[in-house]
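Feature list (source: TrEMBL):
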type: REGION; residues: 1-28; note: region 'Disordered'
type: COMPBIAS; residues: 11-21; note: compositional bias 'Acidic residues'
type: TRANSMEM; residues: 41-62; note: transmembrane segment
type: TRANSMEM; residues: 69-99; note: transmembrane segment
type: TRANSMEM; residues: 111-132; note: transmembrane segment
type: TRANSMEM; residues: 144-171; note: transmembrane segment
type: REGION; residues: 194-268; note: region 'Disordered'
type: COMPBIAS; residues: 245-258; note: compositional bias 'Basic and acidic residues'
type: TRANSMEM; residues: 344-371; note: transmembrane segment
type: TRANSMEM; residues: 413-432; note: transmembrane segment
type: TRANSMEM; residues: 452-472; note: transmembrane segment
type: TRANSMEM; residues: 546-576; note: transmembrane segment
type: TRANSMEM; residues: 588-608; note: transmembrane segment
type: TRANSMEM; residues: 620-644; note: transmembrane segment
Amino acid sequence: MAANGTGDDASLLEEEEEEGSPNEGDVPMSRRQVALDYVKGWWRTAVIVVTPILFCPIPFAFDLSSEACAFYTIAIIAVYWITEAIPLAATSLLPLFLFPALGVLTAGETAINYLNDTNMLFVGGLMVAVAIEKWNLHKRIALLVLLLVGSSPKWLLLGFMCVTAFLSMWISNTATAAMMLPIAQAVLQEISEHSSSEVGTDTGGGGGGEPRTEDYSENVQLVSARQQHQQSYNSTESSEEEKEDEIKESPIDVKTESITEDNNGYTDDRQEIMERNNDNNSETASVQHPKPTPGFSWLAKGLMLGVAYSANIGGIATLTGTGPNLVFKGDIEQFFPDGPGINFGLWFAFAFPLMILCLSISWMYLSLLFCNDCFGKLKRLLCRKAGASGFYSSKAARNVLRQQYKRLGPWKFAEIELLCCFVILALLWLTREPQFITGWGAIFKTDDNMKSYFSDSSTVIFIVLLLFILPTKPCCFFRRRRHCSCSCPADGRETLLDWDSVHHKLPWNVVLLLGSGFALADGADKSGLSCVIGKRLLGIRHVPDVLKVLSVSVIIASVTEVISNVATTTLFLPILAQLAVALSLNPFYLMLPATVSASFAFMLPVATPPNAIAFTYRHLKVYDMVLTGIFMNIICVFAVNLAVNTWAVPLFDLHTFPNWTTTSGSISGKCNYTATF
C-alpha cells in the first residue's frame with residue numbers, strides 16, 4: 001500500500017512538473033483569464049448595485065422633487081435596459097415599485113398603464129398570430145406565394161422578401177423569420193446538392209474525364225459546417241421547453257420581440273435533407289465532390305439577408321406589426337388626450353406605402369449586390385454555355401417548394417375558417433375610421449371629443465373570442481358525431497384557438513415592456529419632468545425642420561442597433577413629444593420618423609431577432625452584415641424622411657401646429673411653452 005501510494009505521489013509530482021515547467025511564461029495570461037472570468041461572473045451584480053447608488057444624489061440635490069425622482073427612476077431603468085443586467089421583463093416591473101416609493105405616482109395610477117387600450121390591442125393581435133401559427137396558415141401562404149412568383153434567382157429573392165414582409169405585418173418578426181429561414185435553407189441545400197452533382201460530373205470538355213477536384217477542401221468545410229449546424233439545431237429539438245430556454249440564452253434575446261415560436265416542422269425537413277445528403281456522401285466516399293460555384297455563396301447571403309431585412313421592414317406597415325408602433329400610439333393618446341390619436345387605417349395609409357418603398361429599394365439593393373455579378377456574368381459563363389453546368393437550378397428550388405407544400409396536404413376546414421376571420425379583422429380595422437369617409441365605428445356611442453367608444457382593441461378582441469368559439473370541423477358545429485366521419489373531442493369540440501396555446505406562445509415579456517413604457521411616460525408627464533426636458537431643448541429651434549427630422553431618424557436608427565427597439569422608442573418618444581411642442585411643431589412630425597426608424601436595425605446580428613436567426617445559419621459573417629446593413633440603414637432613413645415630408649403631410653397636417661396640443665390636458669397646456677417665447 002505504501003509503495004503504491006509513493007508511486008502515485010511520484011507520478012502526480014511528475015505530471016505537475018511537466019505541466020508547470022513549460023507553461024511558466026503563461027502564468028500572467030492565466031491570471032488575466034481568471035480575472036476576466038471573475039468580471040464576467042459579477043458584472044451584472046455590480047451594475048445592479050452601483051447604478052442606484054450612482055444616481056442617488058440626483059433626487060437629493062433637488063429636494064426630492066417629483067421631477068428629480070421621476071428622472072432617477074427613468075435613469076435606473078434605462079441603464080438596466082441597455083446592459084440587460086436584469087431581464088427586460090423584470091426591469092419593466094420597476095415602475096410599479098419605484099414610482100409609489102418615491103412619490104411620483106400612486107400604485108393604482110402606475111398599474112393601470114400595463115393593460116391599457118393599446119396593450120390590449122397588442123395582446124389581441126398576438127392571439128390572432130398564435131392561432132395562425134397553430135394551424136400553419138402562414139406556412140401555407142408563404143409556400144403558395146413562392147410557387148407563384150417563380151424560382152429564378154432574383155424572383156426567388158423577391159418572393160421570399162414579399163412573403164416575409166407580409167407575414168411580419170401580422171405576426172412577430174421573430175416568428176416570421178423562424179419560419180421563412182428554414183424554407184430558404186432547404187432551397188439552398190437542394191441547390192447546393194444539385195450544383196455539386198452537376199459540376200462534379202462535368203468533364204469540361206465533352207468526353208469522359210475525371211471529376212474536377214481543385215477546391216475539394218473548401219467543399220468539405222462547407223459540408224461539415226452545414227452538418228455541425230444541423231446537429232446543433234437538432235440537439236434543441238428534444239422538447240419545446242429546452243428550445244425556449246436556449247433561445248432565451250442566445251443573442252436573439254437582446255431584442256424584445258416574440259421569441260417563443262415553435263419550429264413548425266421544418267426541423268424534420270432539414271433533417272431529412274441532411275440524412276439524404278449524408279447517405280449520398282457515404283455511398284460516394286471515394287469520389288471527390290467539388291465545392292459549389294462562388295455564385296452559390298452569394299445567393300445564400302442574399303437570401304439570408306433578404307429574409308431578415310424584410311422581417312424588420314414588414315412590421316412597420318401595420319399598427320400591431322411591431323412594438324414601437326404601439327408605443328407611439330400610446331404616447332400620442334397619453335400626452336394629447338384631446339387630439340385625434342392614431343388608428344389602424346390612418347397608420348396603414350402612411351406606413352404601407354413606406355414599407356413597399358423600403359422593400360423595393362432593399363430588393364434592388366440586394367439584387368445588385370448579391371445577384372448582379374453571380375446571376376449575370378456567371379450565369380452567362382456557366383449556364384448558357386453548351387455542355388456546361390451552372391451553379392443554380394430553378395428546377396431544384398421549385399422541387400423543394402413543391403415538396404414542402406405537398407406535405408401540408410389539402411386545405412383544412414380550420415385553415416379556411418381562420419383565413420376568413422383574418423380577412424374580416426383586417427377589413428374591420430381598415431374601415432372603422434377611414435378618415436376620408438364615415439366608418440362603421442360611428443354607429444357606436446362617442447365621448448365629448450367625438451371619439452368612438454369602440455376602438456381597434458375592441459375589434460380584435462371580438463375576433464379573438466370567435467377563434468375561441470368556432471370549431472375546427474364542420475360536423476362539430478352541432479356535435480352530430482354519429483352522422484359524420486370526423487372525430488370531435490369527447491369532452492367537447494376543438495376550437496381554432498385554445499388557452500394552452502396562448503399561455504405557452506404569447507410573449508408576455510413584451511406586454512410588460514410596453515406597459516412599463518406607458519408608465520414611464522405617464523410618470524414623466526404628471527411629475528413635470530416633461531416640461532423641464534422640453535424647455536431645455538429650445539436651443540435647437542433655429543435648425544431647419546428637415547434637418548431635425550433627419551437627425552432624429554439617424555439617432556434612433558443608430559441607438560436601436562444596440563438597444564431594443566421598444567426600449568428605444570419608450571425612452572425617446574416622450575422627449576420628442578416635448579421637443580415638438582416646445583418648437584411649435586406638430587408632434588407627429590418628429591415622432592413618426594423616430595417610431596419607424598426604430599425598426600431599421602440591419603447592421604449587427606444582435607440588433608434584432610431576425611438578424612440573429614439568419615446569422616446562425618453560418619452563411620453570413622459579421623462584416624457581411626455590417627457592410628450591407630450600413631447602406632440599408634442610410635437608404636431606409638432617407639426613405640422615412642421622404643415619406644414624412646410628402647404623403648404624410650396631408651394625412652396628419654404636419655405643416656400646422658394643431659390646437660389640440662395647447663389644451664389643458666396636453667403637455668403644452670401643463671407646461672405653458674408659449675410663455676417661454
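Every residue, even glycine, has its Cβ placed from backbone N, Cα and C.
Packing against the transmembrane segment (452-472) from elsewhere in the chain are residues 117-118, 120-121, 124-125, 127-128, 131, 319-320, 343-344, 412-414, 417-418, 421, 424-425, 428-429, 432-433, 441-442, 444-446, 488, 493-499: each is 6 or more residues past its ends and has a CB under 8 Å from a CB in it. Among the recorded stretches 111-132, 144-171, 344-371, 546-576, 588-608, the one sharing the largest number of Cβ pairs closer than 8 Å with the transmembrane segment (413-432) is 344-371. In this chain, the transmembrane segment (41-62) lies out of contact with the transmembrane segment (111-132); the count of Cβ pairs under 8 Å, excluding pairs fewer than 6 apart in sequence, is fewer than 3. Stretch with the largest number of CB pairs closer than 8 A to the transmembrane segment (588-608), among 41-62, 144-171, 546-576: 546-576.
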